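Annotation source Swiss-Prot lists ATP binding site at Tyr7, Asn47, Asp74, Gly114, Leu115, His116, Gly117, Val118, Gly119, Ala120, Lys341, citing sequence analysis. Summarising the annotation, Swiss-Prot assigns region 'Disordered' to 386-418. Swiss-Prot lists 387-398 with the feature compositional bias 'Basic and acidic residues'. According to Swiss-Prot, the domain 'Toprim' annotation covers 424-538. Per Swiss-Prot, the feature Mg(2+) 1 binding site maps to Glu430, Asp503. What Swiss-Prot records for Lys455, Asn458, His510, Arg626 is site 'Interaction with DNA', and it gives sequence analysis as the kind of evidence. Annotation source Swiss-Prot lists Mg(2+) 2 binding site at Asp503, Asp505, citing sequence analysis.
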Amino acid sequence: MNKQNNYSDDSIQVLEGLEAVRKRPGMYIGSTDKRGLHHLVYEVVDNSVDEVLNGYGDAITVTINQDGSISIEDNGRGMPTGIHASGKPTAEVIFTVLHAGGKFGQGGYKTSGGLHGVGASVVNALSEWLEVEIHRDGNIYTQNFKNGGIPATGLVKTGKTKKTGTKVTFKPDSEIFKSTTTFNFDILSERLQESAFLLKDLKITLTDLRSGKEREEIYHYEEGIKEFVSYVNEGKEVLHDVTTFAGHSNGIEVDVAFQYNDQYSESILSFVNNVRTKDGGTHEVGFKTAMTRVFNEYARRINELKDKDKNLDGNDIREGLTAIISVRIPEELLQFEGQTKSKLGTSEARSAVDSVVSEKLPYYLEEKGQLSKSLVKKAIKAQQAREAARKAREDARSGKKNKRKDTLLSGKLTPAQSKNTDKNELYLVEGDSAGGSAKLGRDRKFQAILPLRGKVINTEKARLEDIFKNEEINTIIHTIGAGVGTDFKIEDSNYNRIIIMTDADTDGAHIQVLLLTFFFKYMKPLVQAGRVFIALPPLYKLEKGKGKNKKVEYAWTDEELENLQKQLGKGFILQRYKGLGEMNPEQLWETTMNPETRTLIRVQVEDEVRSSKRVTTLMGDKVAPRREWIEKHVEFGMQEDQSILDNKEVQILENEKYIEEETN
């Protein structure tokens, strides 16, 4: 590719020093937990992706090494190796000075992800050690850093090479990442696979060299976002082949791919310069506006909508739609709303996407007449269903107080005394007997109890109007009081935490899954905000002695049980809990409800695409994918009820025996 290489020493601009990064890492990577740890990798990978995005290189390799460090290698141009205007080697400037990156000069990149340039130095500052190896101009150069970014060597020429590119290896600092410095293959694979879908020329290889965890995955999609849509819709009944539109407008490149399926919810994923905009923005608005306008015009042209009929709503048109919107915006036009860069603010992007879709979609609808007519009819059906559900939703919102009173009068909800919605907790408890113990054992100031008596509907396969007919779900909607579906407003929630408390058996697990499916599909902001939890009652109670000498201990896993048995010695009584109802109110409070001693699992969505696919696989209509997934992931043994804590894949995100973060 014959391009002028303007990625030179003087195109790197220096803005400020690095001192603040180690003091306040959260300002730069969001957090110092598992999420922040993996963010370090994305920062380096995004620099390599920017090279590919601008036409240099086509391969990135990410390797988790045996010692727990990680290497990211690309075949781009290689970082500049000369002396910077400040008098230091340019590579050293890139890795030791905040905001020293190609993005900030005009010569380096035409388009790049929003954080490019900050990445390298922040990663260095938060690493125990870092090593960079550069292949450029026929030479290999290396430089080492230690103790959070201090140069251990200068930039040294170490050999000859015929290739170009950059390799960065680093080990995260355990003083910063106190909870974990262990990389998770699956978390990395989700983000890397996404990048490969968005850049069809790019091949990404992810390798794990750690003992007992060895594996490798390669991501390379020649059809790009077309394959991305197929991936998201896997396991669903699709109504047509994936459709793609591409075009330019206002200097912005637009790529759109979409496909309808037989489900009732929409899934729109948008990206700017290969970075996910999870909160949408102007590009999504442009897509939705054009789609709604073109569909309504077409529906009137084929006489499915008469003059007296009102226009179809965008939500109705998008029912069952999966779409990927990818835009590439020149650096000078790039604007985000807020600090997180998760919502695009560039106004030109709206008109760019609108004009590309408005130009191409009418031709597509005309060409696929039969399909288009069925999609219009599908939208009209959705409109009718929405009207039916609207009344129920209005009851849920405008009649909130009356309904809440009705719920109280019907004896279901035992409310908290406090009106402090920032502190109040709602326990959804399986069955009446456990609900009774929970009512007596709770802290009535801030804990409310809602026993679930009947059958919870599988919301993956149901329309909203049917969901409102399910008494258990309806009661939950009214109790939380923040609406449902597209009307859900997290700020209206009556509770800061929703805690699901069920027996530790297969029925309990099934209820958990049904409730989580509902929250994921119809109250997603609650899950995204980390406000849905699963309570973890103990599996065993051990008792020894009598009267004043009586000792009572609880165990949550077989390992804990073994340790307690050794500690207590002989002569103890062991009780295996089969259900919550076997505990008296004091025991339930002490083990499962007391913020000082309880253990909660916070339900978190790391990757919405994969979570959504998993929900479809496990809760959808198709039996074969479900059987295949269960055979691959579930081990059937002789143990009747194994603790969830024994599963190494489940992360206990909040063990409140040790930490309890209260909002005052």
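Keep in mind that glycine also has a Cβ here, set from the backbone N, Cα and C atoms.
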DSSP helix/strand/coil residue counts for the domain 'Toprim' (424-538): 52 helix, 21 strand, 42 coil
Winner by Cβ contact number (other Cβ atoms within 10 Å) across the binding-site residues Asp74, Glu430, Asp505: Asp74
Lowest local Cβ density among Gly119, Lys341, Asp503, His510, which the record lists as recorded positions, within 10 Å: His510
Asp74 (ATP binding site) and Asp503 (Mg(2+) 1 binding site), Cα-Cα, nearest whole angstrom: 50
Per-residue Cβ crowding (10 Å cut-off), top of recorded sites Lys455, Asn458: Asn458
Per DSSP, three-state class assigned to Asp74 (ATP binding site): strand
Glu430 (Mg(2+) 1 binding site) and Asp505 (Mg(2+) 2 binding site), distance between Cα atoms, whole Å: 11
Nearest recorded site to Lys341 (ATP binding site) by CA-CA distance, among recorded positions Glu430, Lys455, Asn458, His510: Asn458
Mean of pLDDT values spanning the domain 'Toprim' (424-538): 84
Cα-Cα distance linking Asp74 (ATP binding site) and Asn458 (site 'Interaction with DNA'), given in Å to the nearest integer: 45
Cα distance (Å, whole number) from Lys455 (site 'Interaction with DNA') to His510 (site 'Interaction with DNA'): 11
Pairwise Cα distance for Lys455 (site 'Interaction with DNA')/Glu430 (Mg(2+) 1 binding site) [Å, integer]: 10
